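As recorded in Swiss-Prot:
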- Gly112, Thr113, Asn114, Gly115, Lys116, Ser117, Thr118: ATP binding site (BINDING)
Amino acid sequence: MTNYYGHNIVIIGLGITGITCVNFFRSRGITPRVMDTRYNPPQLNQLPKDIQYWLGELKIEWLLAATLIVISPGISLSHPAINTAMKCGIEIIGDVELFLREVTVPVVAITGTNGKSTVAKLVGTMANCAGLKVGVGGNIGYPVLSLLQQSHQLYVLELSSFQLETTKNLKVAVATILNISEDHMDRYPLGLQQYREAKLKIYKQAKIYIINDDDKLTLPANSTNKEYCSIIKFGIKSGHYCLGDYQGKQWLMAYGKPLLDCNEIKIIGRHNLLNALAALALAEAIAIPRQACLIALRQFSGLMHRFELVLERKGIRWINDSKATNVGSTKAALNELTVDGTLHLLLGGDGKLADFSSLQPFVQGNNIHLYCFGKDSKKLAALNQHSATITQTLSQAMHIINNQVKAGDVVLLSPACSSLDQFENFKVRGKTFTNLVFEFNDGNNN
């Protein structure tokens, strides 16, 4: 356990992550100070009464007096006040760094633009099926410091690029970058390579690398240094874990041998088969028995808001892919669809300065109509001007679709954007979609 006695600690951010940091230090007899750029941060009412706090801006005097600053992922290191503190030599870390300083059991670290939560949860399920006491947390929605409240034999962490930026001690058992495509360009003004470099930090001290053989951007610079690391690869057609034909069907393969008929897996889509392969590779790296992995794959039904079939009724499929907060994720969803009638595609939100142009080939044709809402609705509608409807809100778009949809059609919410311009998070956006689906189908569609 790291000793923070005598430190002047400032915590930046009073969301769920920030309040767990406050509780972490309080449990060790340390009273931190807290600040947030928001005037009404979500966890303000959870803050103990004796904790000093500052709202609306970052108080530079507190920062420069600190010996340790713990920053939440939502605050950029490029913020002028943070930059000033860094130049003064003040240590700035995140909650993941605090967590890793405390644990002594193996840690699985997972990042990537898309699929992180699914793979993290799947590896956790595999460990559970093997009888291991496993803690799953991080960017998946469960703060890592909360995992310390119970003892575990293994930790599985989903890590965002923002979390990796503020983590120094990444001595993990195994690490992977599932894929890399453009995302969060509002935080990475130098472009994709800057974003990629943040992701690549996950490999720095890992004992084993799990590499996506289909995505060369995920390849670490020292991957050929055999003395430094061990590598397991996964991919659609190549890698130690890949897809293959066996007895006339598509199977998950391991080292050229058939493992599991893909028809036995509940999660749908080619991208989820790739997620399953990645999970198997990670499980091998930490010696989870193969049989437990196969049981988990047969049981695992996926996570909400991720290419989730909400309802199929009267020949119409309604799919909630609200977690598609970037172009790459929406492209993956569109690759999975076979549509007999018309695809009604809901796009919109805050694109985070993304370039939408690579989405254009996916949204052409006579059997697709775009419904674009939110901050970047006009940019998205320009992808197919002849077949796009612009609305202010998701709800307005859904009501238009409900009056037009017919048997053979698919309604897909896969926004390619963040939800934060109009919703608290992607979950609320997905729930709004789902509620409208059932409202339509329990009412005027029955």
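Glycine residues also receive a Cβ, built from the backbone N, Cα and C atoms like all the rest.
Remember, it's a predicted structure, so these values are computed and weren't measured experimentally.
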Counting other CB atoms within 10 A of each CB, which of the binding-site residues Asn114, Ser117 comes out lowest?
Ser117
Nonlocal neighbours by CB distance (under 8 Å) for Thr113 (ATP binding site), same chain, sequence gap 6 or more:
Leu178, Asn179, Ile180, Ser181, Glu182, Asp183, Asn326, Gly328, Ser329
Determine which residues of the same chain, besides Gly112, Thr113, Asn114, Gly115, Lys116, Ser117, Thr118, have their CB within 8 A of the center of the CB atoms at the recorded ATP site, and list them by sequence.
Ile110, Val119, Glu158, Leu178, Asn179, Asn275
Note down the number of other Cβ atoms within 10 Å of the Cβ of Gly115 (ATP binding site), including every protein chain shown.
25
If you draw a 10 Å sphere on the Cβ of Lys116 (ATP binding site), how many other Cβ atoms land inside?
24
Please list, in sequence order, the residues in the chain of Thr118 (ATP binding site) that are at least six apart in sequence and whose C-beta is under 8 Å away from its C-beta.
Ile267, Asn272, Asn275, Gly302, Leu303, Arg306
